[in-house]
Amino acid sequence: MGLRIKILSGFLLLSLMLLIAGLWSINELKSIGSSVQRILDENYKSIYAAKLMKEALEREDSAVLLLMLGKWEEGRQILKSADSMFVHNFSFAKKNVTIPGEQEQLNTIENKYRSYKKLWERPIVDTNREGNLQWYFQQLHDSFMDVKEAVNDLIDLNDKMMYQTASELKNRSNRAIMPGIIAILAALIFTFIFNYLVNYYMVSPIIRMTERVKKFIEKRTPFDIEVETNDEIAHLAEAIYNLCESVRSREEEQ
Amino acid sequence: MRFHIVLRYVALALLLNALFLGISAAISYFNGDDAFMPLLYSGLVTALFGIFPLIFVPPASNITNKEGLLIVVLSWLLSCLVGTLPYILWGGVFDLTNAWFESVSGFTTTGSTILTDIEALPMGLLFWRSSTHWIGGVGIIIFVLSVLPFIGIAEMVLFRSEISSMVRENFHHRARRAIQIIAGVYVGLTLLETIALVISGMNLFDALIHSFATVATGGFSNKNASVAFYHSPTIETIIIVFMILSGLHFGLLFGVIMGNIRDFWRSSVVRYYLLAMLAGVALSAWNIHGSVTASWTEAFRQAAFNVISVGTSTGFATADTTLWPAFSQLLLIFFALQCACAGSTSGGIKTDRIVLLGKSFLRHLKELMHPNAVIPVRVDRMAVGNDVVGKGVLYVAVYLGIVFIATLLLTLLGVDVLSAFSGAVATMGNVGPGLGTVGSTGNFAHIPTAGKWIYSLTMLLGRLEIYAFFIFFTPAQWKKTISY
């Protein structure tokens, strides 16, 4: 194998190793980007919708208390807007079902909210429920807490998934870095070995040949040098040997 | 010392690793798991380091003993190093320490693990983990030499450097033939066990993993509960048979295959190995009956599998041996120190040295009774020189000394005495599980970082039979090694 191919193969192998490490790191970084997007799409939006559902529930609870105090118009207005806020966000969450168990949780919320709504849809003002704290604490408040708890469970479910995906991101960032670190270390070792072999098989024979040529010129010491490889260096040594031999035989003839 | 020649032979060992990394990557690709890129990249980096010296360095058929020793030790160390790459690149629980521990444990066929959930690993990585057992089991250099065409004197030097003198004595063949016999028996046993396990109901992947671990006397299973997962007396029996076979001298085993049963039964080492195992099983079964299990059948079943597993340095488990009575636990410690025959894939002190020690002790008693008598130590009707006896005694003393020092250091790190000592015995003997917190149902995950490095060192010392490792790190060894 010729010197050119040997040296080229060294650089090519090194480049290939760095190229693959680079491509892999880029791929991992891209996948980190898509994981971040997944967290936003799958979990954060659901959590945001659930929080607004909770806010709507709180406002409905306040509105019921207003109705119990006899403030019909104010209470009904707040109930109407809070209900539409809850339904809107619930529909949004229902369209964004992305994790296992989320659909079941939404069905639970829907059922519990239906029961809760039935309680406050019936007239309160000018009925026996107006000012009836016993009715509020025994029926309405329990139902309200049930729905709120179900919404909290939905938030927990998405929170857990968000944490899990974030942990995966940590592992992925490690995977993006590691090929680079290994490539750098491998390149350093590779360079050391490459340097050693170039010195041993190329530089060192040339130095030895130079010394032998000098000795030949000065003292006519025979040019006998051993080259282990069968490449241009060996051919050069052979050519110099032939040259020295021809010079010596010409001198002997003279 | 010619560093470039050393480099060429070490490169061949790296190429062997690259081949198995490639197979693991292919398994990972077809399984669609996330270990594909870590395995592929590790394989490529290893292959590049393997190919490059072969391009530059021309073949050399003549190498010195010093170079041979360096090639063997470097091949082991670098194989362990490249073995960490797929683990580190995959991530999860694998930091540098854990990856190094798992890799060294694999190549040295120890089978100790830092994994708490083995089944969570992707298929490709599980295959690589078991491959490290199979590559290391027969000896990395022996494996390389068996697939290479004849390379002259270098082959003999490398063969001598890789295996201990004790192994060579039972091979009445030239190095080339001995290598062929070792490799042939090794591959044959693996194939036979795989087929037997598949027939008994295991899937092909699990069968391969368990065959690699049994024949290499390693112990890595792909199940958290090890072999106990299968609840199958047939599978346990098959594994017991192959553990016993893998603990025998491969040369004698080859002789049996070729019809020479007489040599096999005449060997006092083989007779002692089989009798000791039988006695160990019987005593353990008698001891655990009543205290661990009420049934005699179950007591024998548990004792047979677990005693033979430790006694052959395999390390599979079907029972929680930390719950066994103290007598049985001490028996396990004895078998973890002794292990099986030289010339097998087993670790430990080896039955050959135990037989030698026993016979030299008897000789000494006779000499005390008859001060003027000249009594040689005879093993299988052959007189053994005093130098060989001396070397055997020294080896056992140094071996136990290292176990003691490792225990001392581990207790200093806060590990309890039982776990530290049994862990040191199990890692030095390349057995795998110890007792206490590192028992058959435990793992080494909780051991402090420094402790994991100590255990990794004892695994390597045990595998390389101590001396080669120490010589490698002697400064004089490296003088004038790198010269242009």
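For all residues, glycine too, the Cβ spot is worked out from N, Cα and C.
Each residue in the domain 'HAMP' (A:200-252) has a pLDDT score, and their mean in this model is 87. Annotated domain 'HAMP' per TrEMBL: A:200-252, in sequence order.
Annotation comment: TrEMBL describes A:176-198 as transmembrane segment. Within the chain carrying the transmembrane segment (A:176-198), a Cβ under 8 angstroms from the stretch's Cβ atoms is held by residues 7, 10, 13-14, 17-18, 20-22, 24-25, 28-29, 32, all 6 or more beyond its ends.
According to DSSP, the domain 'HAMP' (A:200-252) comprises 41 helix, 0 strand, 12 coil.
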